[in-house]
Amino acid sequence: MGENEDEKQTQAGQLFENFVQASTCKGTLQAFNILTRQLDLDPLDHRNFYSKLKSKVTTWKAKALWYKLDKRGSHKEYKRGRSCMNTKCLIIGGGPCGLRTAIELAYLGAKVVVVEKRDTFSRNNVLHLWPFTIHDLRGLGAKKFYGKFCAGSIDHISIRQLQLILFKVALILGVEIHVNVEFVKVLEPPEDQENQKIGWRAEFLPVDHSLSEFEFDVIIGADGRRNTLEGFRRKEFRGKLAIAITANFINRNSTAEAKVEEISGVAFIFNQKFFQDLKKETGIDLENIVYYKDCTHYFVMTAKRQSLLDKGVIINDYTDTETLLRAENVNQDNLLSYAREAADFATNYQLPSLDFAMNHYGQPDVAMFDFTSMYASENAALVRERQSHLLLVALVGDSLLEPFWPMGTGCARGFLAAFDTAWMVKSWDQGTSPLELLAERESLYRLLPQTTPENINKNFEQYTLDPATRYPNLNSNNIKPNQVKHLYITKELHQYPLERLGSVRRSVGLSRRESDVRPSKLLTWCQQQTEGYQHVNVTDLTTSWRSGLALCAIIHRFRPDLINFDSLNEDHAVENNQLAFDVAEREFGIAPVITGKEMASAQEPDKLSMVMYLSKFYELFRGTPLRPVDSWRKNYEENADLGLAKSSIPHHYLNLTFPRKRTPRVDSRTEENDMNKRRRKGFNNLHEPSAFSSQSLGSNQEGIKEGGNQNKVKSMASQLLAKFEESSRNPSILRQEHRVSGIGKPILRSSSDPPVNSRCPKPEEPTPSPSPPLKRQFPSVVVTGHVLRELKQVSAGGECPARPWRARAKSDLQLGGPENLASLPPTCPGALALSGVLRRLQQVEEKVLQKRAQNLANREFHKKNIKEKAAHLASMFGHGDFPQNKLLSKSLSHTHPPSSPSCLPSPDSAATSSPSTVDSVSPARKLTVGKVSSGIGAAAEVLVNLYLNDHRPKTQATSPDLESVRKTFPLNVGGSDTCYFCKKRVYVMERLSAEGRFFHRECFRCSVCATTLHLATYAFDVDEGKFFCKPHFIHCKTNSQQRKRRAELKQQKEEEGMWKEQEAARRDPPSESSCAAAAIATPEGSPPDEPTSPKKPKSIPEPEPGDVAGGAASPLPSEWTAVRISPGEDVVGQDVLAVRVLVTSDDSSSDAELDRGDSEASSVEPFDERPQQPELQLPPLLKPFTRHSSLREALPRAVSPHDLGEPEAEPALQRANSFQCPTPSEYQSGRRFQSNFMPVNSKMTVSPPKQACPPPPSPSPPSSSSIGDLNALDSPSLPQVTVSNTASQISRGHCSPSTPIFLRRAKAHGPPKDLPLRLPRGQVLERTEYCLVRPGGNGLQSSRPPSPTEMASDGCQEAVAPPRDIRSIHRGPHPVEGKDRCLPDHPLSPWAGEEPGEGSTRPRRVEDGGLELAEEKSGLKKLVLTPEQKTWLLDWNDSNLENLYLETGARLSQKSTRNGSGGHVLKPVHPLLLPLAEKETLPAQRQSQEKMGAPAERAPGERSMAPPKSPLRLIANAIRRSLEPLLPNSDSGRKAWAKPESKTLPTSPPHAYTCSFSFRKSSSSKDSDQPSPKRDVASKASAFFSLGSPTARTAQPSAPSPPAPALCTHSLPSRSSKVFPALVPPPCGKMEDVPTLLEKVSLQETVPDASRVPKKRTSLFSSFRLKDKSFESSLQESGPRKDSQDLFSSPKGKVQPMGNAQPPEKQGQPISSTCLGQRVHPVSPEKDASPTHVPIRAQGTGTVSSTSSSTTSSADEEFHPQPSSRSKERKALRRRRKLEKATKQLVKQEELKRLHKAQAIQRQLEEVEEQQRAFEIQGVRLEKALRGEAADSGTQDEAQLLQEWLKLVLEKNKLMRYESELLIM
């Protein structure tokens, strides 16, 4: 036996020796296989293979190797092979770096597989080894495998030998190596993970290789410089041309060969004579040569191009290196002789024979290649996630960082990268989060290119995997996790545009080239980019940029779509510069550091400012030029194709600089192009020479000079206009330009027509545009008014783009007095607007002249030009105009009556609304109105408003073109070097700019709370020139505007009266002030109260209807509308809605609808027609309007003509109603907040407001101001929109009552008559919802209705006797659609009569969310939100979306009406108001109804908001769903509910009330048009509402009332019609008539226990409030248990089996507390379930519990199937309590997470601020030195200072990007 053992050991030792000595790849594998077979080892058992091999091979040689390998493996990082036992790694490439990585991973215990596509190691190239590399290889036993390894002074090794050493070590350590296997690509885990849980795999060639089934967690690319794994971008480092030749000659190892000296890689430096002699003797000119002796004689030489050409190696000379060195251009024989000759000379002809070694292709091993450019990957690693499987992807070796061959960096840095990668895998296995992992890896990777043998640790013994042992000055937190988010790639990325963009943005500071920017380099780059542009000659960084053309050229070069360069005029420096500044700021986030005016006026623009500014363009664009795709913003409109465009600009991280830069552009580009074409046409072919010179200029000089002047003026006007258009790229403006002004191709054509009038084609003339925009076709009278007014008020001509109009403008004016004007066709307003532009130009030039005159340095040059311009303009306008102009500019700067809420999108208007001063208004109006004031129509009013508000002349401090709607730079602002706040000097480095103001960072504070502001998060009040933090903006704005305007109200009212009189004859309602009355609508996307500052239009895909009625004019209001409801002489039934809606829609609305609207619009007739309309006929105009207001209706509107009419009417009515407010300027107050008033709009159900309340500035200032504020927050929760009074109140801060027209008329005419059948569904009811229905009565309700005065005093809005037969309103037998809620004498429901400021808002939109929503809303109002939550909601666009959506969803759900038997509407008595006390607790809520009714009690600060969707909802949902199947009678119940409800109420005392609730699916059919993200938000919002609002709120008398029969109808959305097939059809007679029914389910419930209601209700409220509060924190009040009881069950409640639902007559029992309570519970869970059903709250009727999608009711049944069984109730109660507890905890956790995130971001912001401060201090010091202001400035080198300063600038730019990323988070 002993002999056998010895033999085995001897044999093992021999086999192992064979393995160690193997000299080829194949030989090594063969020896290894024999060894493992003989020793009975399993190489696949990687964990035990090495230990078993070690135990079986015990020879002394082997032991020496084991010792070395064990020593290496004893490092603590490896944990004896247990660090990465769960990790499987695939390494692509068997080169030195791939194998070195495999060895490290094997030491860590990972399963490692290496694939190598070759089976030979034939690379003879010799590597220079750094000392640490030699030490490392020795530690792996290199000397044991290759005895000559680094013998003596040798510090190099051939790649082949190195590969063999590492190959053998890897095999010994259990690495699985496959040769002749080629990696193709990574395969993602399949989607079907349930059946087969397959992770990441790879595709290989051959396809059937066993590795195809191998799943791995880590993949490492080590396959050379030409290959990188997908997802890594590469950067190129270019040097001067370098052509290398490598040659390998056979080494026969003779004595002669051994004597030859090697030549090191630094020969060139020390031996110049050698190269000179070589050239002289052989003609070979080399830059360098290296000779290493190894297995071959290895030569590497760097040859000069000319030498290669001279020797015939390169056949033809080409500038392109690739072409130069391609095989066809190289003579191979000459190359071989060239290499041999050089080698001979280099070795002094001592090598006896120079025979070429053969490469792996069997050819002489000589190669010539270009290493002019080297590549490096931008990132070292990334993480992919698919189907919950994570994959770590990394690069090592040349794939990661290509080396510079003479320095030996390839192997050295390759090994360092291998260690770093193994360290990362170790962290990965230990569960480090992906972002932290990537951040650390990137931090290390930044160090890698900087490593040299000198700057790494010299103590090689200490080297381990831990990077700290290798890099002396390691900062592994250099890169922050948030900077590497783009390296964490998930499938869902494309759904999140922000993340998507982040992913294509280079991480801040990862570029290692930023430090090499020098002023000279910057100049060169600028010269390259501006080459070929006319009039652009960049010779320096100062004077060359004065004209502004160079800046425009750079922008045009990369984004030609942004600037029409051809239209720019070299003489208009101010305009050009400002245009460039504005475009750069808006599109790229590059804030200006100087104004356009300063640029032009300075003899030499400030060099430092220019260097700083241009460096930002350089950083942004220095990569490959951007494709001229439309800006990334389109991504937000879900234009998927642009995703590609985005990824094509990977490094331009400025793209996202501030969220506010993202404005939806929709399809503006085509329009823009059209306009540019038009502009060019007008410019190049001045079509109307005679007309222009005679009429336009008002002088008959026909000379050439005059022609030149014409050109000049036209070009000036056109540029001004162009800039205006370009910078106000707002889509709706474009639409207005095209449609309102009637500008379009037709007009261009007509420009050549001789007659003056032909230029303004009449409406009936066919227009070429496919669908004549209805906006173009205003009745002529209207236009006349518009024209007249506009003459004085237009500024900047935002509405009149086409150039030919400039020519016509004057001629049109010269048509004469009002008589002619009155006869002008509708399109003339464009011309007149242009005249305004020209005048404005003149003013601008005058001011510029004055300013420039002060500048001595420029006086000589500029004065002359300006005089010319001024003189020319003067001659053009005639001196007669001057006084008016002056007056105009004065009055306009103060004047601007309100514009309709969503009036004009110009961000400027939205952002800026100056206080209107009435006195100035009057003169202007007097000047303009003149004789035709009586001819002014609604459209004119709107337009006037638009012009007053949105195009009023900007105070001049910037260029005239600054009318670019971007910002106004007031004259008093000071220069760019003066701080706007502290008035001290602000140096370039410390200069920030916003709204055209320049200031210090530390001075940029909220003027209320002095909080430091950031450029991405501030609000600006243009009127006062103050900056605010977003939360304070609304309050300040509202209050200040109230103060300012109180004095004006009277005069404005008088004016309005005057206008009303003028228009009374035409039946046009009061003034357009009412237009504006629509409360402030904001851009849906913007955070609720974020100011819509011009810079911050949010990129919201589509402004929604909400905008209009909503409230603040949004910066992007999609439409502006004027609705006039004539006060009416006609009876209720007649012309109820004689409304005209003037709409300018923007592209964001669906085109289909637009077209439909347009075609309908053509039929619109002048307003005075149809004095009496028996039916409510909505002018087709309304269609587009509805398009917005009910754009999101769930079902297509086109279902039937009726449908078309209806929706149109509704919004119109709403708007009309809201527009009734007399005080025009009030809206302005809200103009700025991006409150979510928008929701208000969509279906502003105009609730009957108090008829006669005068508009007091604010009934209760606190409530008004806060209400506005609150509204902003919770409009989402109020889809009921604040309309009529509320609308005005809330938005404007004071309530100006207005009654729905039909109500008003009804009042006027006594008992109402039947309403026309076509009244919009929901509209009337919405207004009448608060009305009581007395089953048998005919007139008004018997109980005494409060008089208007009383109402006013109550602050409650009440329904004025509405028309009787409400059923007719529902156009169909099914009252289901209606919305009336009948209330008992005592105010019943919260919304019944809420304080004007708030309550009204609820009812209005009842239709929207249905009562439920409404009620919820009211309930929500009671929600007490913590400040953090408020801010949270404010800050995230989500909340807006939620509002929006909520609102839309609500809007969608048309309330179903249940009318009592008589169907007569009774007037409610004292509608109740819910107090909104901010911290009201349970007891407070239980207060008597009287208290609830107190209008003033509503706490100003309180507004409910939609909290973010939290997991608790989801859980609740799931629970709820799980209960559904268990419910016994759900089917029968459903059927019961489904059956049509009785149309009459059971006869009962007047206080019987009906409640109808309907919650519509937010994501209904029409929603599909909307972007899905919004839908989600909608669901969130709706879910939240449902959760938060007590159901019982709905119709409970606030004071105990005697039990009364009540019919509660509950319309709940069904999750899908499939679920309740029975529910849908029966109630609706005609499906088409009630599209919403398709999405709604109407359920009837009776309420048995009315007596309990009041009590229940208060507890419900409190519980809800508590519940919501718990959303914020958790129930803090003492009664949670009790509440939860109320909420989730009421033991006493008796629910009758559904099947037994009693007929309505029998249902007159008191409401059972059960129902109320029950309903509530379901709400929470269900609401989360899906966007569709928001609702549920139970209006429980004893018989049935209504459920949306059966969940609620079924749940109720489940919990109380047998009212008698208390035990079941208890169980249910316990369950609910448990659920409630769990939800509370979840909510808390959610809150904590948000808090932590906020704190982390805050900390990072503070750090950034500190760093910026440090940079600023240093920058100011340098700037002073550069400007000669420092004491020692003369002694310092300016170039060096400038270089240093520029470096600081770049660093600061990085910080600012980082800061903006943080703010975006």
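Note: Cβ is positioned from N, Cα and C throughout, glycine not excepted.
Annotation comment: Swiss-Prot describes CYS97, GLU116, LYS117, ARG118, ARG123, ASN124, ASN125, PHE183, TYR298, ASP398 as FAD binding site, evidence class similarity to another entry. According to Swiss-Prot, the feature Zn(2+) 1 binding site maps to CYS979, CYS982, HIS1000, CYS1003. Annotated Zn(2+) 2 binding site per Swiss-Prot: CYS1006, CYS1009, CYS1029, HIS1032, in sequence order. Residues annotated as domain 'Calponin-homology (CH)' in Swiss-Prot, with sequence analysis given as evidence: 516-619. What Swiss-Prot records for 977-1039 is domain 'LIM zinc-binding'. Among the features that Swiss-Prot reports, phosphoserine is placed at SER631. Look at Swiss-Prot and you will find 660-710, 726-777, 888-922, 1040-1115, 1144-1298, 1334-1409, 1478-1612, 1669-1782 tagged as region 'Disordered'.
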List of residues, in chain order, with Cβ under 8 A from that of LYS117 (FAD binding site) and at least 6 apart: VAL179, ASN180, VAL181, GLU182, PHE183, ASP223
Helix, strand and coil totals (DSSP H, G, I; E, B; other) for the domain 'LIM zinc-binding' (977-1039): 13 helix, 20 strand, 30 coil
Spatial separation of ARG123 (FAD binding site) from CYS1006 (Zn(2+) 2 binding site) - C-alpha basis, Å: 67
Between CYS97 (FAD binding site) and HIS1000 (Zn(2+) 1 binding site), the C-alpha gap once rounded to whole angstrom: 51
Summary of DSSP states over the domain 'Calponin-homology (CH)' (516-619), given as helix, strand and coil counts: 64 helix, 0 strand, 40 coil
Proximal residue to TYR298 (FAD binding site) among binding-site residues CYS982, HIS1000, CYS1003, CYS1029, HIS1032 (C-alpha distance): HIS1000
Average pLDDT across the domain 'LIM zinc-binding' (977-1039), rounded to a whole number: 80
Where CYS97 (FAD binding site) sits in the secondary structure, as DSSP reduces it to three classes: helix
Binding-site residues compared (CYS97, CYS1003, CYS1006, CYS1009, CYS1029) - the one with the fewest other Cβ atoms within 10 Å: CYS1009
Inter-residue Cα distance where the pair is CYS1009 (Zn(2+) 2 binding site) and CYS982 (Zn(2+) 1 binding site), in Å: 17
Candidate with sparsest Cβ neighbourhood (10 Å radius) among CYS979, CYS982, the listed binding-site residues: CYS982
Euclidean distance between Cα atoms of CYS1003 (Zn(2+) 1 binding site) and HIS1032 (Zn(2+) 2 binding site), Å: 17
Which same-chain residues, if any, lie at least 6 apart from ARG123 (FAD binding site) yet have Cβ under 8 Å of it: SER158, ILE159, ARG160, GLN163
Distance from CYS1003 (Zn(2+) 1 binding site) back to ASN125 (FAD binding site), taken between C-alpha atoms, in Å: 62
Chain-internal residues, separated by at least six, CB under 8 A from HIS1000 (Zn(2+) 1 binding site): CYS979, PHE981, CYS982, LYS984, VAL986, GLU990, ARG991, LEU992
Residues flanking the Zn(2+) 1 site, with Cβ no more than 8 Å from the Cβ centroid of CYS979, CYS982, HIS1000, CYS1003 and excluding those residues themselves: TYR980, PHE981, LYS983, LYS984, VAL986, PHE999, GLU1002, PHE1004
Per DSSP, three-state class assigned to ASN125 (FAD binding site): coil
Integer Cα-Cα distance in angstrom, CYS1003 (Zn(2+) 1 binding site) to CYS1009 (Zn(2+) 2 binding site): 13
Neighbouring C-beta atoms (10 Å sphere around the C-beta of HIS1032 (Zn(2+) 2 binding site)): 18
